[in-house]
Amino acid sequence: MYQVKEAFYTLQGEGAQAGRASVFCRFSGCNLWSGRERDRATARCTFCDTDFVGTDGQGGGRFETPAALAEHISALWPSEAGRAIPYVVFTGGEPLLQLDPALIATLHSVGFEVAVETNGTLTPPAGIDWLCVSPKGKNTLVIDQGDELKLVYPQTEAPPEAFAKLDFRHFFLQPMDVSPLDAHDNDTVARTTAYCLANPQWRLSLQTHKIAGFD
Ligand SMILES: C[S@@+](CC[C@H](N)C(=O)[O-])C[C@H]1O[C@@H](n2cnc3c(N)ncnc32)[C@H](O)[C@@H]1O
Ligand SMILES: Nc1nc2[nH]cc(C(=O)O)c2c(=O)[nH]1
Ligand code: SF4
Ligand SMILES: [Mg+2]
């Protein structure tokens with residue numbers, strides 16, 4: 001059984017696939033935080049910008065089988081999509097707590113490319129088409145290769161230098177959003193920009209969905 005907080009059609013807002021039409025499937029639950037505000041300060045990941053508790057969001061619910069969830073995702077992709085390849089981004093919460101080979105295979109069989117946004121602490125199933133890893137503090141990274149490494153910056157216990165030699169195609173720094181009202185107008189963006197200018201292996205990833213307000 002899969003527990004999904006929300007599922008919706010939008011544009012990927014972040015990283016190398018920013019701007020791409022995508023179905024987002026946000027699984028419930030995370031291994032680094034309960035999702036309750038009273039636990040935030042003592043959690044293994046303390047800066048999360050997302051509500052992943054329960055199954056009550058838009059397009060959320062419980063799905064008993066891979067076929068049922070794949071059908072739900074498929075129905076969110078537009079029927080007139082021209083030459084676009086159907087694309088689903090599994091996020092959360094931590095999607096690797098729930099994503100399995102059967103769900104990936106079912107989505108492939110109906111033409112989807114499968115992307116994942118993970119904190120990198122759990123081993124991924126085979127078959128993922130786009131793997132985005134976003135390390136969190138001192139939590140041990142068990143994934144050392146993928147398509148993009150997207151590090152929220154700054155994190156005292158996870159500096160970019162600790163990841164720069166790993167086997168990823170793209171390296172992004174994403175400014176840490178600490179204020180829902182002021183996501184991109186703050187000193188963090190300037191500091192992140194300065195790091196990318198001084199260390200050009202790293203590119204700036206802004207959360208464009210927050211800037212443009214499309215979800
Ligand atoms: C909510 S997480 C869910 C996926 C997975 N648990 C992870 O951490 O990668 C989705 C993306 O948002 C990023 N993110 C979370 N909180 C953020 C914040 N306050 N500012 C900027 N990016 C954030 C994460 O690093 C990750 O790349
Ligand atoms: N538009 C949009 N793009 C995103 N890219 C990663 C997100 C996430 O929460 O995983 C996200 C999100 O929540 N919305
Ligand atoms: S690991 Fe991801 S989902 Fe979990 S608390 Fe951190 S940012 Fe949020
Ligand atoms: Mg998000």
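Heads up, the Cβ atoms here are built off N, Cα and C, so glycines get one too.
Here the structure is a predicted model, which means the values were calculated and not measured.
Here's what TrEMBL has on this protein:
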- Leu11, Gln12, Gly13, Arg26, Thr91: substrate binding site (BINDING)
- Cys30, Cys45, Cys48: [4Fe-4S] cluster binding site (BINDING)
- Thr50: Mg(2+) binding site (BINDING)
- 17-215: domain 'Radical SAM core' (DOMAIN)
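Mapped onto this structure are the features recorded in TrEMBL.
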residue	record	Cβ contacts under 8 Å, 6 or more apart
Leu11	substrate binding site	Ala18, Gly19, Arg20, Ala21, Ser22, Thr208, His209, Phe214
Gln12	substrate binding site	Ala18, Gly19, Arg20, Ser22, Tyr87, Val89, Ala115
Gly13	substrate binding site	Gln207, Thr208, His209, Lys210, Phe214, Asp215
Arg26	substrate binding site	Val4, Lys5, Glu6, Ala7, Thr50, Phe52, Gly57, Gly60, Thr91, Gly92, Gly93
Cys30	[4Fe-4S] cluster binding site	Cys45, Cys48, Phe52, Gly92, Gly93, Glu94, Leu97, Asn119
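Its Cβ taken as reference, Thr50 (Mg(2+) binding site) is surrounded by 14 other Cβ atoms within 10 Å in the chains shown.
Other Cβ atoms within 10 Å of the Cβ of Cys48 ([4Fe-4S] cluster binding site) number 19 in total over all chains. Per-residue pLDDT, averaged along the domain 'Radical SAM core' (17-215), amounts to 96 for this model. Same-chain residues that are not part of Cys30, Cys45, Cys48 yet have a Cβ within 8 Å of the Cβ center of the [4Fe-4S] cluster site turn out to be Leu32, Trp33, Gly35, Ala43, Arg44, Thr46, Thr50, Phe52, Gly93, Glu94, Asn119, Lys136. Other than Leu11, Gln12, Gly13, Arg26, Thr91, the residues of this chain whose Cβ falls within 8 Å of the Cβ centroid of the substrate site are, in sequence order, Thr10, Glu14, Ser22, Phe24, Val89, Glu117, His209, Asp215. Per the record's binding annotation for substrate, residues Leu11, Gln12, Gly13, Arg26, Thr91 show a top Cα-Cα distance of 14 Å. For ligand 3, the nearby binding-site residues are Cys30, Cys45, Cys48; that is, of Leu11, Cys30, Cys45, Cys48, these have a C-beta under 6 Å from one of its atoms.
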